Amino acid sequence: MKKKTVDDVSFAGKRVLMRVDFNVPLKDGAVTDDIRIRGALPSIQKVLSDGGCVILMSHLGRPKGKPVAEMSLKPAADRLAELLGKPVQMAPDCIGDEVKNMAAAMKAGDVLMLENLRFHKEEEANDPEFAKSLASLGEVFVNDAFGTAHRAHASTEGVTNYVAESVAGYLIGKELTYLGEATANPVRPFVAILGGAKISGKIDVLENLLGKVDTVLVGGAMVFTFFKAQGYNIGKSLVEDDKLELAKSILEKAKTSGVKFLLPTDVVLADKFDQDANTKIATIDSIEDDWMGLDIGPETANCFREEVVNAKTVIWNGPMGVFEMEKFAKGTMAVAQALADATKQGAITVIGGGDSAAAIAVAGLEDSVTHVSTGGGASLEFLEGKELPGIAALSNA
């Protein structure tokens with residue numbers, strides 16, 4: 001179901017309540033990474049250039065339902081003011097009479113930042129009265145926070161019940177376009193790269209994508225659960241013993257659905273989980289007892305690269321190894337580079353948030369792929385084929 005976006009509405013003379021994702025890292029009261037604030041600028045500027053005023057709301061951190069001074073959104077408001085080149089008023093709270101009066105006094109072009117939503121436990125509980133109080137501040141609701149779209153909270157889902165119109169901002173629109181198009185109408189060959197430590201976190205994604213993709217490339221520690229299920233010795237590698245049957249059934253399903261399901265042929269082994277560990281490369285049938293696999297090997301990296309550069313649509317979710325340690329980052333960096341090269345050749349390449357987004361940033365290639373999703377959990381649930389409450393609640397186009 002297509003949703004209305006900010007382009008379907010004129011905000012002239014309107015007070016617009018906008019949910020943004022300003023959950024940014026802070027150090028000494030200043031924002032250390034403003035990528036999420038920059039991401040919200042196009043939607044904010046659309047409202048202002050139409051002649052409306054905008055009331056922004058967000059959460060930051062996990063204050064557990066009470067005010068925590070270090071989790072104030074004031075530093076985010078200050079950074080936004082610098083980026084917009086205009087003042088941003090900071091509200092003392094997100095509900096209450098003082099906030100209501102501040103909102104009522106706004107004029108076209110004004111920007112007001114509400115204080116951290118999660119200073120109130122009612123936000124995550126999706127409390128109707130709390131949602132109604134938030135909704136009363138504006139006339140139109142814009143959701144531009146994809147990172148929380150999989151949560152039915154007061155500011156993402158609840159408010160939509162009390163405003164006349166709820167639309168998607170540019171960021172959410174972009175997510176729906178790329179994640180949606182990639183999974184619903186992919187240009188083939190369609191390759192999914194799945195990594196990370198555990199099968200349990202990716203079961204639903206695997207199940208959903210097996211019917212849609214041409215090839216699945218699997219890396220990260222979850223490969224060892226597949227290997228053990230096939231009878232290989234995996235040494236001290238991470239394994240989910242309670243998921244061995246599941247691993248077998250996924251391998252079986254891949255076979256019957258005609259999907260090319262590629263596991264590594266070699267791995268980088270370490271004698272301990274440490275940057276200064278001794279390392280060696282081994283084929284998967286020669287892993288010794290006291291060693292653990294912490295990355296895909298060079299042969300696998302080349303094989304995966306080949307699949308990626310020949311693809312027309314690629315989705316990547318989860319690293320190939322412990323990329324935070326340089327010794328075990330080569331596999332992940334090789335995949336990141338392959339995605340950049342595939343993009344140059346015209347492929348649609350989508351990075352599904354979370355650790356893969358961090359990895360592509362470490363590789364310095366975030367601008368060399370089609371789209372880096374801003375939501376870790378949200379993009380995962382989207383790839384699992386689930387409807388996201390924050391999106392479902394928006395007005396249909």
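Including glycine, each Cβ sits where the backbone N, Cα and C put it.
Look at Swiss-Prot and you will find ASP21, PHE22, ASN23, ARG36, HIS59, LEU60, GLY61, ARG62, ARG118, ARG151 tagged as substrate binding site, backed by sequence analysis. Look at Swiss-Prot and you will find LYS202, GLY293, GLU324, GLY353, GLY354, ASP355, SER356 tagged as ATP binding site.
Spacing of ARG118 (substrate binding site) relative to GLU324 (ATP binding site) is 30 Å (Cα to Cα, whole number). Within 10 Å of the C-beta atom of ASN23 (substrate binding site) sit 19 other C-beta atoms, taking all shown protein chains into account. Largest Cα to Cα distance within the recorded substrate binders ASP21, PHE22, ASN23, ARG36, HIS59, LEU60, GLY61, ARG62, ARG118, ARG151: about 18 Å as a whole number.
The binding-site residues GLY61, GLY293, GLY354 differ in how many other CB atoms lie within 10 Å of their CB, and the one with the most is GLY293. Taking only the Cα positions, the spacing between LYS202 (ATP binding site) and ASP21 (substrate binding site) is 25 angstrom. Nearest in space to SER356 (ATP binding site), taking C-alpha to C-alpha distance over the binding-site residues ASN23, HIS59, GLY61, is ASN23. Cα-Cα distance from GLY61 (substrate binding site) to GLY354 (ATP binding site): 16 Å (rounded to the nearest whole number).
Nearest to HIS59 (substrate binding site) in space, judged by Cα atoms and limited to the binding-site residues GLY293, GLU324, GLY354, is GLY354. For ASN23 (substrate binding site), the nearest neighbour among the listed binding-site residues (GLY293, GLU324, GLY354, ASP355), judged by C-alpha distance, is GLY354. Under a cutoff of 8 A between CB atoms, and with a sequence separation of 6+ in the same chain, the neighbours of ASP355 (ATP binding site) are GLY195, GLY196, GLY318, PRO319, PHE323, GLY376. A gap of 36 Å separates the Cα atoms of GLY293 (ATP binding site) and ASP21 (substrate binding site).
Of all the Cβ atoms in the protein chains shown, 14 others lie within 10 Å of the Cβ of GLU324 (ATP binding site).
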